[in-house]
């Protein structure tokens, strides 16, 4: 243990690096001496939650990570799954929350750049980007600035680098006012015999630094991402935000993929969080070797840089390679040809340490495992009972809001018809059209995007040989495709982390099934508040338990992901305001025949409309008003128990939907999520620009629960009358009691009507008006 007063650093200096006093003592014990300034910084970033997962690692161990498609699981730059026919898919999701809160454009842009590097570092050519975004209330000026800046940053980087942004989700809630969430997911295609991994090997092999130069931008970004934001963050933490160059990244992609084809690359690691420190430590530790690096050889863009700055810089578009000895010049020539930096900056050594040299002296010398694997782990106690806010929320019942009649519901002395309520929900930014967002993205570059953003419940990207990805007119005869979605209902998770997390996985799988894709694997991004607070850790632990159970049940193993904790800000009174717990799930699936898939909009007049899942006339605790968008937006109450996931029913419903699509019976499929059945029907009307005539069984004393209740593993689908007999025969055999024919598709630009079987009209809205309200909701707030 360090003796009092013996440290060359003050408690404030140690705390600035994100280290606790006991962690500093641990460092001294491991080194047998006090660290120097550079070493202190290295430990600070590598022992941050962002890099070492010291609070979350014990919880992540329960995730299923193996499956028939999984080739690479957690621990590498990205997960990899086998798609068949010699093709593999690398995919991963990662957060850039704190940087985007401080500098939204660059924060979001470099988030895209970073996740793309994780993909092509594995040897995969990036084929698509998705994102999950969360902001505060759009009536707030700062929220509008953050929202506009983040979307512009994503568009700038993705469009310039030539990778399509094909889908995602955007949520708005006051819980994210101080701390927005920016999660970026990327996918890449490969057909290599050997996946490029990060573990260094071969004593004497040269270590190459390639890509851009090193500057002082992004200093200590990993530590910054592992602490709460406060009122000074937008000014004081701005230097921790990186600055990206998508054009340079495009060259880096091509150079790296060309270099990998030579067979001269032994290992590769991108320089993301913690920069040179992380890349050297992780490569050494994973390979069981050491790395000797000379900072004097590192190309820099600023003068007078010291080891601390070199090692903690998070300048973008940089990579570290281990090359076969004697073939380094072959690789250097490739990078120079692409206009990039490439130098031999060190070598692999037998002693498992990270040795850093500067101006002829050893600037740092640390065991690799102390930085990368044998890091502090905190096994915290989980609350034995749900916290008070959850117990109070569970006391809520439908009696807290007026019962309503077939005509509508009285709110604050005024009768609101169910038609009025539906139109109001369509204007809620979380539900409303996201066209303002995705019209800024180039979603068709590479010519493989099968379904455009907003047209279906998941995106679909055609699979072509890697050699043809950059040539739009070649390899187009392939019928196989990959589908992807990214999802989370954070209000569910806030009110019940366990059930909410299960529902998140179920919804992601349901979205894939709605386009005919078989879900095969998951990447997760766990966005939570401080784990050092009992409630925050309970939320994290319960959510991980729910994710694990759902992934096992639906056979979607976790291949990797990201943990982003300390997503909290302080209000004017100095009280911490954590975000809603937000475990975002990115899920990928296989589409066997892209000519047999589904969009969410009605396709033909006279098609029959079915509801899969819990029927409308069945009272079930799987369908609830608790935690719904209706309760929050119309009654301004965040309360109640969210719907519980019946994973057996989910699997049955999803398999039935996929089979119907593959048989060519289904014309459309759309899952019932925020806003329940009524909103799902309206969205299908808007997307297809056709009306629908729906019959709703009578007998309910809660029409709002029938119309706007959520849950129940529900999917709204449409089928041609010519396939009715075959479809219903299949339903009777494989999904008895969990399907219902509820109506028909009507003529273009007509009306959505929901009528009881005693001829009471519950909802009657013109498609033109519904479309206008839905389409203009976000744009009108930004005008």
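Quick reminder: no glycine exception, Cβ is built from N, Cα and C everywhere.
ATP binding, as stated in Swiss-Prot, involves 53, 92, 524; the candidate among 18, 123, 561 given for that site is 561. Residues 1-22 are the range that Swiss-Prot records as region 'Disordered', among 1-22, 23-44. Substrate binding, as stated in Swiss-Prot, involves 95, 96, 97, 98, 242, 314, 315, 316, 564; the candidate among 117, 545, 552 given for that site is 117. Put simply, the two farthest-apart Cα atoms among 95, 96, 97, 98, 117, 242, 314, 315, 316, 564, the recorded binders of substrate, are 20 Å from each other. Recorded residues residue 561 (ATP binding site) and residue 94 (Mg(2+) 1 binding site) have their alpha carbons 6 Å apart, per Cα-Cα distance. A gap of 16 Å separates the Cα atoms of residue 270 (Mg(2+) 2 binding site) and residue 96 (active site, proton acceptor). Listed recorded positions: 50, 92, 96, 117; maximum Cβ neighbour count within 10 Å falls on 96. The number of other CB atoms found within 10 A of the CB of residue 94 (Mg(2+) 1 binding site), across every protein chain shown, is 25. For the pair residue 97 (substrate binding site) and residue 50 (active site), the C-alpha distance works out to 11 angstrom. Close to the recorded ATP site, the chain also has 60, 74, 93, 94, 523, 525, 526, 558, 560, 562, 563: residues not among 53, 92, 524, 561 whose Cβ is within 8 Å of the site's Cβ mean position. When the Cα atoms are compared, residue 92 (ATP binding site) and residue 314 (substrate binding site) turn out to be 20 Å apart. Residue 562 (Mg(2+) 1 binding site) and residue 50 (active site) have their C-alpha atoms 8 Å apart, to the nearest angstrom.
Taking the Cα atom of each, residue 314 (substrate binding site) and residue 94 (Mg(2+) 1 binding site) are about 16 angstrom apart.
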